[in-house]
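Heads up: the structure comes next, in structure tokens.
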Amino acid sequence: MSTSSLRRQMKNIVHNYSEAEIKVREATSNDPWGPSSSLMSEIADLTYNVVAFSEIMSMIWKRLNDHGKNWRHVYKAMTLMEYLIKTGSERVSQQCKENMYAVQTLKDFQYVDRDGKDQGVNVREKAKQLVALLRDEDRLREERAHALKTKEKLAQTATASSAAVGSGPPPEAEQAWPQSSGEEELQLQLALAMSKEEADQPPSCGPEDDVQLQLALSLSREEHDKEERIRRGDDLRLQMAIEESKRETGGKEESSLMDLADVFTTPAPPQASDPWGGPASVPTAVPVAAAASDPWGGPAVPPAADPWGGAAPTPASGDPWRPAAPTGPSVDPWGGTPAPAAGEGPTPDPWGSSDGGAPVSGPPSSDPWAPAPAFSDPWGGSPAKPSSNGTAVGGFDTEPDEFSDFDRLRTALPTSGSSTGELELLAGEVPARSPGAFDMSGVGGSLAESVGSPPPAATPTPTPPTRKTPESFLGPNAALVDLDSLVSRPGPTPPGSKASNPFLPSGAPPTGPSVTNPFQPAPPATLTLNQLRLSPVPPVPGAPPTYISPLGGGPGLPPMMPPGPPAPNTNPFLL
């Protein structure tokens, strides 16, 4: 006896199943073979009993609702139901029709065993056959009549054989032989189904192979993810490096362009603005020391080197009335043009006029306030009266010209201190300052001329410009004029008064206070430094002492040097 049959017997005893229920449980067991025809015939005979019928049908419906793993219980229960419908009581077919929905649900029965085979296909096919049989009344009647005839024949054959043989038990071969055609057909179907299952069963692989396959797949996936992350990181770093290189290249190109622009672009030199409207001076290649601009429009001249070793003067203030700083020369408001270079003209006399030569290059200055390089008036009148910001210079009043920009278009006419504009012999104005007593700036040129060597060429060392003084204009006859009286600042002259004229008849009455006549004898007076230095003739006695405004005075003057040779006679009236 098998283990499954022993377990069924134990359950039958425990649950106290009836004889009919035990037979149904035996016919619908989980064994791999189908129910025997004799057992099914006995159950069909019990269906005619009302009590046994209810027990049989309740157990069959219980087997039909079993779990998927007990698919054999379901399949054998449907086989037993079909047999009972054909050979059992009519109440079986009637109850099956009433509970047809329970059979119809089995059309969707699903179960796949561990080997991957679908075992629910047999249940689904059997359910379709039962539903079709229950719905077709004619077929049901025919099948039922045929099954009953077959059962009767089998019963008669069995009775005759049993009577002939005797009361001995039939052999085992006869017990295994199907008792009816239905049972034989059922066994044949079961055998075919089982053989088909065994043929369709694929070779199963061991669990170790599945584990190794899953492990290999997971390792391959991890390696792929790692390589993808590394590739993305490399792409990101490469992109950042390319952007950084582009930024550095752009910065280098911009800096190179700026360097080239700085190299090839020369900044424009600052141009000194002329407050009197004079033309801007042409810049030269020779560097000139920083000096105050000439307020009267005189061209700037680089100072020459001092042959006596004097300290290089520094630029002075442009105010003609304020004393200059002790460390540099003062700006001459009457400053002449620069001396010509070597080989271009004679060297000017340091004690004479500085307008003997004109600059070689550049247009002449059209400043109305600058002295002309040569004045043809034998009476010595100055071309114009200099003024500073509308104030009187040297004690003579002049009104500022509002059309100073147009003065360069007309010729400057000599004027005198009188309102009538008469030409006077000595009516020309003199600068408010006389050269300093110790100013030896012009000695270098005269010494170079006397020795016969050309003056030193212009060097970057700044030298003071050549000054034009009344003594240089008058020459040796400067003693005929009282320079101190002319330089001093007398009170304002009335507009209607005339300046003194030495050629005016003695009988003509003066119209107002006149300036002191230099030709009239005067009481003796103290000699001034200018008279001691420049006058070869004793000064006119009786001249009152006057204030001398030094142009370069103050501390830090160069040491006193012996005067140079007297300048040649330039007065056309002296024979």
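In case you wondered, yes, glycine gets a Cβ from its N, Cα and C as well.
Positions annotated as compositional bias 'Low complexity' by Swiss-Prot: 157-167 (among others).
According to Swiss-Prot, the feature compositional bias 'Low complexity' maps to 279-299 (among others).
Look at Swiss-Prot and you will find 306-316 (among others) tagged as compositional bias 'Low complexity'.
Per Swiss-Prot, compositional bias 'Low complexity' is recorded for 332-346 (among others).
Look at Swiss-Prot and you will find 367-379 (among others) tagged as compositional bias 'Low complexity'.
The compositional bias 'Pro residues' annotation in Swiss-Prot covers 453-467 (among others).
The compositional bias 'Pro residues' feature in Swiss-Prot is assigned to 556-569 (among others).
The domain 'UIM 3' feature in Swiss-Prot is assigned to 233-252. Per-residue confidence over the domain 'UIM 3' (233-252) averages out at a pLDDT of 88.
Marked as phosphoserine by Swiss-Prot: SER382 (among others).
Sequence annotations record features per position, and here Swiss-Prot assigns phosphoserine to SER418 (among others).
What Swiss-Prot records for SER419 (among others) is phosphoserine.
Marked as phosphothreonine by Swiss-Prot: THR420 (among others).
Marked as phosphoserine by Swiss-Prot: SER434 (among others).
Swiss-Prot lists SER446 (among others) with the feature phosphoserine.
Residues annotated as phosphoserine in Swiss-Prot, with similarity to another entry given as evidence: SER453 (among others).
Per Swiss-Prot, phosphothreonine is recorded for THR459 (among others).
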Fill in: Neighbour count (Cβ, 10 Å) for SER472 (phosphoserine)
24
Discussion item. Just to verify a number: CA distance, ARG533 (omega-N-methylarginine) to THR469 (phosphothreonine), in angstrom, no decimals.
Written reply: 13
Item to complete: Have a look around THR469 (phosphothreonine) and count the other CB atoms within 10 A of its CB, chains all included.
Response: 24
Response to the item:
ARG533 (omega-N-methylarginine), Cβ-centred 10 Å count of other Cβ atoms over all protein chains shown, is 15
Discussion item. What does the DSSP secondary structure composition of the domain 'UIM 3' (233-252) look like, as residue counts for helix, strand and coil?
Written reply: 20 helix, 0 strand, 0 coil
